[in-house]
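Asks: Pasting a structure here, questions to come.
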Ligand SMILES: [Zn+2]
């Protein structure tokens, strides 16, 4: 039975529930994991039996959403840098994964990722990996909310030594996790260059039959785009369309190399996109046309990608990078606004994940995923414009308290839902094997 919580004296910051409420202090009443009521402090009734969290000096934000991650790759952070995607992937990451990925590795490395994300105000992550059952357990045990998508590729993979059995493994994983309060299972077909057309179609059929989201890295590099065009005569997006994969439950991750026809098709099919600007910069993949996607009506969220290609899991930082990258890419100074980027990490991120009815904003009836950001810090001490302060100046250290599904998981900068030091020491030990 969940405890009720009353947050008091905080400054409400949730665009969808009526914009930032200026300097008026507000309360948020949480009951059974749900936001029951929000209002100005002069209307707050304190119930003696309800635990109170004093949010004085804090902004109260909806929990941030990391729309794309491979949590387990915290183990490989710093393993291979200054490389382009295919060299990085084929000569460094795939071999390290073949050697080191076990359920134990995925569990502890994902738990370490959870600690890093919680510390940065992320309450929901869309994760994709192998042994995703261990990742889902790590996120469940950490107190986070996760869309956990099981990886699919054509070749033998960790936990799926026989590719012929891959859909049985994914199907069993989905059956095991469907109905969990915070974990939503999904399918992650790695990419069109690791999955042939039959695999892509079968993965989508499985996702449809289970009512799950279908994720895929798509149009990440020029090389990938040109390779698919040479083989099929189609762009990556039109190739997916030819396989009947584009619909409102498909999420294309990256979407860097898209033309106007691709973008119009994504909008028509209501297919969502997650942009990962720092990963795209670090792997020299290019700049996603976020401006054109948004203007054409595509719902775009934002993600960090894995820690080996970023190298942090910090959505506050990612928001700033996204906004600035779009401005230098030809969008001009008015685009992309801090407000829009903040929505990409909250309400629009929730829409991408099909969770807009339950998370993404602070409103009565929604799940209580609330982040308190300390305004007594350099970046936020005089917020002339709270969006600009959050997107351009805030960092993880400003995040003070994190509540997920009505449970306090970080209290005054201390993670209380699990032992993050244990996760650190386990991952340090696992790292010895990567080096050896
Ligand atoms: Zn990725």
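Using N, Cα and C of the backbone, Cβ positions are placed for all residues, glycine too.
A TrEMBL annotation is a machine prediction, not a hand-curated record.
Bear in mind that the values here come from a model prediction, so they are computed numbers and not experimental data.
Copying in the features that TrEMBL gives for the protein in this structure:
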| type | residues | note |
| --- | --- | --- |
| BINDING | 68, 70, 217, 305 | Zn(2+) binding site |
| BINDING | 97, 190, 220, 305 | substrate binding site |
| DOMAIN | 60-409 | domain 'Amidohydrolase-related' |
Asks: Just the number: how many Å between the Cα atoms of residue 97 (substrate binding site) and residue 70 (Zn(2+) binding site)?
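Replies: On Cα coordinates alone, these residues lie 12 Å apart.
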Asks: According to DSSP, does residue 217 (Zn(2+) binding site) sit in a helix, a strand, or coil?
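Replies: For residue 217 (Zn(2+) binding site) - judged by DSSP and reduced to three states - the answer is strand.
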Asks: So of 68, 70, 190, 217, which of the binding-site residues has the fewest other Cβ atoms within 10 Å around its own Cβ?
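Replies: Selected from the binding-site residues 68, 70, 190, 217 on minimum Cβ neighbours within 10 Å: 190.
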Asks: What three-state class does DSSP give residue 97 (substrate binding site)?
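Replies: In three-state terms, residue 97 (substrate binding site) counts as helix.
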Asks: Tell me which residues of the chain lie with their Cβ under 8 angstroms from that of residue 305 (Zn(2+) binding site), as long as they are six or more apart in sequence?
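Replies: Correct list: 68, 69, 70, 253, 276, 278, 279.
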Asks: In the structure shown, which of the binding-site residues 97, 220 has the fewest other Cβ atoms within 10 Å?
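Replies: Looking at the binding-site residues 97, 220, the Cβ with the fewest others within 10 Å is that of 97.
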Asks: Mind running the binding-site residues 97, 190, 220, 305 against ligand 1 and keeping the ones whose CB falls under 6 Å of it?
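Replies: Cβ under 6 Å from ligand 1: 305.
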Asks: Suppose the Zn(2+) site is 68, 70, 217, 305. Which further residues of the same chain have a Cβ inside 8 angstroms of that site's Cβ centroid?
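Replies: My list of surrounding residues reads 69, 128, 253, 254, 274, 276, 279, 303, 306, 309.
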Asks: Calculate the distance in Å between the alpha carbons (Cα) of residue 190 (substrate binding site) and residue 217 (Zn(2+) binding site), and round it to a whole number.
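Replies: Rounded to a whole number, the Cα-Cα distance is 6 Å.
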Asks: Quick one: mean pLDDT on the domain 'Amidohydrolase-related' (60-409)?
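Replies: Mean per-residue confidence for the domain 'Amidohydrolase-related' (60-409): 94 out of 100.
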Asks: Can you tell me the three-state DSSP label for residue 68 (Zn(2+) binding site)?
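Replies: Its secondary structure by DSSP: strand.
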Asks: Taking the residues 97, 190, 220, 305, which the record names as binding substrate, find the longest CA to CA distance and state it in Å to the nearest whole number.
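Replies: That value is 21 Å for the farthest Cα pair.
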